[in-house]
Amino acid sequence: MASTASVSTSTASSELSSLSNNINNAADISVIVIYFVVVMAVGVWAMLKTNRSTVGGFFLAGRSMTWWPMGASLFASNIGSGHFVGLAGTGAASGIAVTAFESHSFALLLVLGWIFVPIYIKAGVMTMPEYLKKRFGGKRLQIYLSILFLFICVILTISADIFSGAIFIKLALGLNLYLAILILLAITAIFTITGGLASVIYTDTVQAVIMLVGSFILMVFAFVEVGGYESFTEKFMNAIPSVVEGDNLTINSRCYTPQPDSFHIFRDPVTGDIPWPGTAFGMPITALWYWCINQVIVQRCLCGKNLSHVKAACILCGYLKLLPLFFMVMPGMISRILYTDMVACVVPSECVKHCGVDVGCTNYAYPMLVLKLMPMGLRGLMLSVMLASLMSSLTSVFNSASTLFTIDLYTKIRKKASERELLIAGRLFVSVLIVTSILWVPIVEVSQGGQLVHYTEAISSYLGPPIAAVFLVAVFCKRANEQGAFWGLMVGLVMGLIRMIAEFSYGTGSCLAPSSCPKIICGVHYLYFAIILFFVCILVILGVSYLTKPIPDVHLHRLCWALRNSKEERIDLDAEDKEENGADDRTEEDQTEKPRGCLKKTCDLFCGLQRAEFKLTKVEEEALTDTTEKPFWRTVMNVNVILLLAVAAFFYGYFA
């Protein structure tokens, strides 16, 4: 038995390693080198152009960004390499329904730009936990949410992107997995540590263009190869692997036959893999957390020149979010047509032979298209696309995570830290994240058998709804208080962890081997669980809040929707804490700073510490709370919202 397994594994290794020969040519390597040169050049330009020597400059780009790089960065930060692998893989397995996770985001982007960002800007905050501290007071909400956000970054974004990026690295370059990941993370960290948010956004913009151009070219090649859209819809329904029996297993035909509703977004509420009530009501809840509360996304909006630029960026990203169906999901489905025996394999021994994984090879759908369908030169372009999506997503996570650590956690440890110390701490924390990311790789490799999209969305459904509930109530119900918010989060955390730990312990199962997790815990689809969890948390928040003392309005001006336009002075709930730990006491180090040598000055220039000051400039302070718009541009934004909603309505009407 052991010898058989080793033979199968070696066969898979040789089969996969042979694909790396496809990219060992001057044309592909030249394209990849050019990609790295261009991205590094843009990163260096952004480092030199922008102010990185203040907290506002490093973490919020001095609130000087225009709409188009912001919109491109929102898209690039969201679309990691996990999307190319995960969306294409799930599309190959079950059809277009998975695109709902992407296309429904347009509505939440509008909610972000028109409702949440104005509140965040008027609150004058840099991080989402900081908003909760201003809104509710106390420290426990801010600290808890910061730690939870960092935990989610590691188990969701970083793990999914590194895993999916590793698939391309292994297939295309034949490099040692850990060496390749170390190189990528090192380059990614250089942008984040030295350049700040402005550098991240500008490199994101370049990488978004590369992603869109490359994935569009691959889509065209894929549709030409399959014979057009009509031929594609017909052939997909007949894409059944040649080997459907073996390993002494009785395999149900539904495990390898394309689903009858493969070309519909809305599916059966009971038997559907993505049930339509979950699509309609569960996805908006997880999307509310991701698009309106997630530090990675909101931080990009907080750096806009004004609110009109923020709204325009959200609209641009909304249009771009309609593209994954055509650029990722459908190419994954075409890969099943072209490479049916590998992508749609169902017999475990056959899957091991093709890709080394016994539960399926759908995650290899997109990489197979890139390496087998694209000609020389374009293969290098597509690998650059994968590197771009991986690096843009990771730079975004690293920058936002360092912001959370510095603003919400480090200042609690070092209450009198100088501005220079805060900047250095934020940069060093990125290094800690890199080490954590590398240590997480073996865990990701062990869990690589399932469909990546369902893994990420399930985790979001277990941890995201309590956060969404707290922020929604915080903005729209001024009666909510700190006790209600805290206990709502605690109840939600316990419920979410019970479900998540149970699934990790028993496994999520597959078509061949259903999970043995008790039905009372795991019997409800994760999107339905998100709905239940969300409303339970809201009930707890409101119930506890109405049973305890309310927060006086003097502490809530411009922190909630009802008082968003209030002109009265706000007394922050943490005002006493601020006085106790005032800036004057923590600046003695900077005031008595000794002259620095040439080497230290060069290092400071590289890291943006050469003009370190302990306060934001007056312009930055005013910009942080300014939400004024010119009437003309406000009207232009509102008209574009109507156009986007019309396009989205047609999209859902056609594919639902």
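A Cβ is built for glycine as well, from the same backbone N, Cα and C atoms used for every other residue.
According to Swiss-Prot, of the candidate residues N51, N248, the site noted as N-linked glycosylation site is N248. Membrane topology as recorded by Swiss-Prot puts A26 and A562 together on one face. For the ranges 65-85, 380-400, 506-526, the feature annotated in Swiss-Prot as transmembrane segment maps to 65-85. A contact between the transmembrane segment (527-547) and the transmembrane segment (271-291) is present, since 3 or more of their C-beta pairs, 6 or more residues apart, lie under 8 Å. Tertiary neighbourhood of the transmembrane segment (65-85): same-chain residues 102, 105, 109, 157, 160-161, 163-165, 167-168, 198, 200-202, 204-205, 207-209, 211, 215, 296-297, 300-301, 303-305, 308-317, 320-321, 324, 328, 363, 366-367, 385-386, 388-390, 392-394, 396, 452-453, 456, selected by CB-CB distance under 8 Å and a gap of 6+ residues from either end. Counting residues 6+ beyond its ends, the transmembrane segment (209-229) has Cβ neighbours under 8 Å at 35, 72, 76, 79, 84, 235, 320, 323, 326-328, 330-331, 334-335, 337-338, 369-370, 373-374, 378, 381-382, 384-385, 388-389, 392 in the same chain.
Residues 16, 19-20, 80-82, 84-86, 119-120, 177, 180-181, 184, 293-296, 298-299, 363-364, 367, 370-371, 383, 386-387, 389-390, 393-394, 397, 400-401, 403-405, 407-409, 412, 433, 436-437, 440-441, 443-445, 448, 452, 455-456, 459-460, 463, 467, 470-471, 474, 480-482, 485-486, 489, 493, 551, 555-556, 559-560, 572-574 of the same chain lie 6+ residues outside the topological domain 'Extracellular' (127-171) yet bring a C-beta within less than 8 angstroms of a C-beta in it. Within 10 Å of the C-beta of N248 (N-linked glycosylation site) we count 5 further C-beta atoms, all protein chains included. Remote same-chain residues near the topological domain 'Cytoplasmic' (292-314) are listed as 59-68, 70-71, 73-74, 77-78, 108-118, 120-121, 126-128, 149, 157, 197-198, 201, 396-397, 399-401, 403-404, 467-468, 471, 623, 626-630, 633-634, 636-637, 640 (criterion: CB distance under 8 Å, separation of at least six residues from the stretch ends).
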